[in-house]
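Database features (Swiss-Prot):
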- 1-146: domain 'RNase H type-1' (DOMAIN)
- ASP9, ASP138: Mg(2+) 2 binding site (BINDING)
- ASP9, GLU52, ASP74: Mg(2+) 1 binding site (BINDING)
Amino acid sequence: MPDLYAYTDGACSGNPGPGGWGVLMLAREGEAVVKERTLQGGEVLTTNNRMELMAAISALEALTRPTEITIVTDSAYVKNGVTTWIHGWKRNGWKTADRKPVKNAELWERLDAAQQRHKVVWRWIKGHAGHAENERADELARAGMAPFKTR
């Protein structure tokens, strides 16, 4: 059975501004890629953090059955949020430790629901540091943003 990876990225022109998200999904047997799928999308007025979340959500929602997957993101916001902060937010009724509403709560709730049926390993990598798969995800995110940018 191949190992499944999703490399996710978000992009925004202005923050807020037009934005996009991209996902490179790879099925690997050892070092060999046996299947590849790309996803992308965007919005006219959004933030970089929202696009990073949408990339991860879209990767998980694209899976048609319960799956073991490694999601690789260059967003510390997504990685820390989904592996650490979310537990307290849920306990506090989607409020932060200082009782303020969690930003992007509807996307965090969607991500939380999307990951429930899968076995997800979350991995953070440094962005724009020469990781080929992350660079592809960035290209997809920029392509997802392109239709929403005005010249």
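Even glycines carry a Cβ here, placed using N, Cα and C.
Local packing around the Cβ, expressed as the count of other Cβ atoms within 10 angstroms, is greatest for ASP9 among the binding-site residues ASP9, GLU52, ASP74, ASP138.
DSSP assigns GLU52 (Mg(2+) 1 binding site) to a helical segment in the three-state reduction.
Each residue in THR8, GLY10, MET51, ALA55, THR73, SER75, VAL78, GLY127, ASN134, ALA137, ASP138, ALA141 lies on the same chain as ASP9, GLU52, ASP74 and has a C-beta within 8 Å of the C-beta centroid of that Mg(2+) 1 site, without being one of the site residues. Mapped onto three states, the DSSP output places ASP9 (Mg(2+) 2 binding site) in strand. GLU52 (Mg(2+) 1 binding site) sits 10 Å from ASP138 (Mg(2+) 2 binding site), taking the C-alpha atoms as the reference points. Reduced to three states, the DSSP call for ASP138 (Mg(2+) 2 binding site) is helix. On the 0 to 100 pLDDT scale, the domain 'RNase H type-1' (1-146) averages 97 in the predicted structure.
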